[in-house]
Amino acid sequence: EEIVLPRKKTWDKLAVLQTLASTVRRDPTAAHYMFQDDPFLMPRNAASSRLFALSKESGRNAARYIIQHFPQYFDKTFAEPNVPCLMPETLTPQTEGVSEEALKEHICLRRVKESVDLFDQLVQAGTPVSLETTNSLLDLLCFYGDGESTLEKEEEEKEDSEEAEKAPNRQLRRGSQPAGTRWSLSLGSRENNNAERIFKIMPERNAHSYCTMIRGMVKHGAPAKAYDMYMDLLNQRHKADVHTFNSLIAAVGGRGRGVFFKVFLNHMVQQGVQPNLLTFNALLKTLRRCGGVGRSMSLLVIKEMEALDIEPSLATYDHLLAIFYRGVQLPSSGIICEVLDDVEHRSFAAQDPDDGAVLSAVSAVLQCCELKDIKLAYRLNKAMEKGDNWRFLDMERLNTYWSKFFSLLCMMEQIDVVLQWYREMSPSLFYPSAKNILDLLQALDAANHLDMLPSVWEELLDELLSLQSRDQHPQEIQLAFATCAEDIRAAHEPAGRDQAPLQWTGSSLGHVALLFSRAGRTQDAWSMMERFQQINRIPSEQVMDEFLTCAKQSNSADAAVRLVKLAASLGLPSSQKLKSRTKKEFELSEEQREALESITDGDSSDSDQE
């Protein structure tokens, strides 16, 4: 009898990690994961959240700049064993001399100017350059222009759209793809930039050469030239690829857009080019500017997508919403329901640069229009939490989305549901803005649920104090801020048997101490410093430094000595620095000097006995 052994199961390498990831549940008390590397950068409100997120990204950009411009300091590897795929990329050319191989290497490293110089040297020396290498150089130039491939050039401010030249092809609108400098200005004021110059001296050109030039011209704001280049392509009996047609369709503007759409679509049929998702998204994106005509034509576009079995991306739905809700005063929920019917059960993958806009668009429609439908809001939220759809929203869009969703909850839901969402959303999902807090206050008032006011007040209080203490201001403003701080301190003090005082937090104590210090109110600032020990909190180094500066301005050496003793009793590493500053900046009596010298780290004596 034949014995059949069971076939060995093949496991996905990521199966275990995916299983573990599926067991993770979000902690509603934790901040966003991007802030958890550094506990000192945990934001407490929407403003600080945005500031910290931008700071972190700025740090990445700075690190990238250093690596790109000073690669010689990063050429040593100390890893054992050395795993090449985990090592930094080689950013310096390894091939010396003037040759086609050196040119290829410079192109791969995206060194634009050096690649152009090498190409010119090869041409001047009479060395033929292959068509493939020349096309690669054109690809580089048409993507970056004549500037280097640095972050500053890529993020250069977009040029405003202008009318195209007065020619039969004026329907190609300028600036429809705002992705860099104008084509005509990519070499300053020169009309014939390097891409055009190299294209003209090429002994042989194929369809790739023309298509690259067309896409580069559209990208850099010269769609009229792109259309002329497309006509040259047809005259040379070449065929354009689908990406070229997508660029040309996206560049269509002005009156008679429908005529040009049909021209390009007919050419695609004649040349046997199959449209893809980006083709239809480019059509819909341009139809956003066509008013009523756009609404009728967009439905035909969607039907054509269905006929070709092309699934829409998130950007497709975003364009549809923009087409049907632009300028509409009293929208119905029909188109939104149809969009959510398709979206809420799907987990999307990124296929279009505009994919991240649709969730914010639906949220804005629900919030800003007179369509106050909480059921649609829940369906939208379900779609957003499906799979990895939430990844399409960056930090700022995510905070905006949750802010609008929470405002709609405050307006439409029962107060118990609102409070449950509030506890689960803040701070793990978003930081309530002042408007969110006001919406919540109105909801509490309407539901006669005023016993929750103290916790809401603490949220608003932290945001107010954070704004007041963030920067230095003229003395008149600082005095006004100190008056506010005095009122806030009074709210934390017990005023009677029937009034429960607010509880101090470390951040609110630090903000109030800063405000008193900057206003020159040394004694009030010190009363705040003492409370740090009472509630077992640690003052920040900024709070300690500014209190010492305040003590110096008021010539209060006793306050400075007490501060050093407090820092030592709390075991702060800054106590030695404060001690040195006190010796250097204050005129101390013999008794004060002896008391200062007797302070050691971990001194547990009461700081107010001095």
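Including glycine, each Cβ sits where the backbone N, Cα and C put it.
Worth saying up front: this structure is predicted, and the values here are computed from it rather than measured.
The annotation compositional bias 'Acidic residues' is assigned in TrEMBL to 153-163.
The annotation compositional bias 'Basic and acidic residues' is assigned in TrEMBL to 583-596. Broken down by DSSP into helix, strand and coil, the compositional bias 'Basic and acidic residues' (583-596) contains 10 helix, 0 strand, 4 coil.
The feature region 'Disordered' is assigned by TrEMBL to 151-187 (among others).
Annotation source TrEMBL lists region 'Disordered' at 575-610 (among others).
For the repeat 'PPR' (206-240), the model's average pLDDT works out to 93. Among the features that TrEMBL reports, repeat 'PPR' is placed at 206-240.
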### Message
Quick check on the repeat 'PPR' (206-240): DSSP residue counts for helix, strand, coil, in that order please.
### Response
26 helix, 0 strand, 9 coil
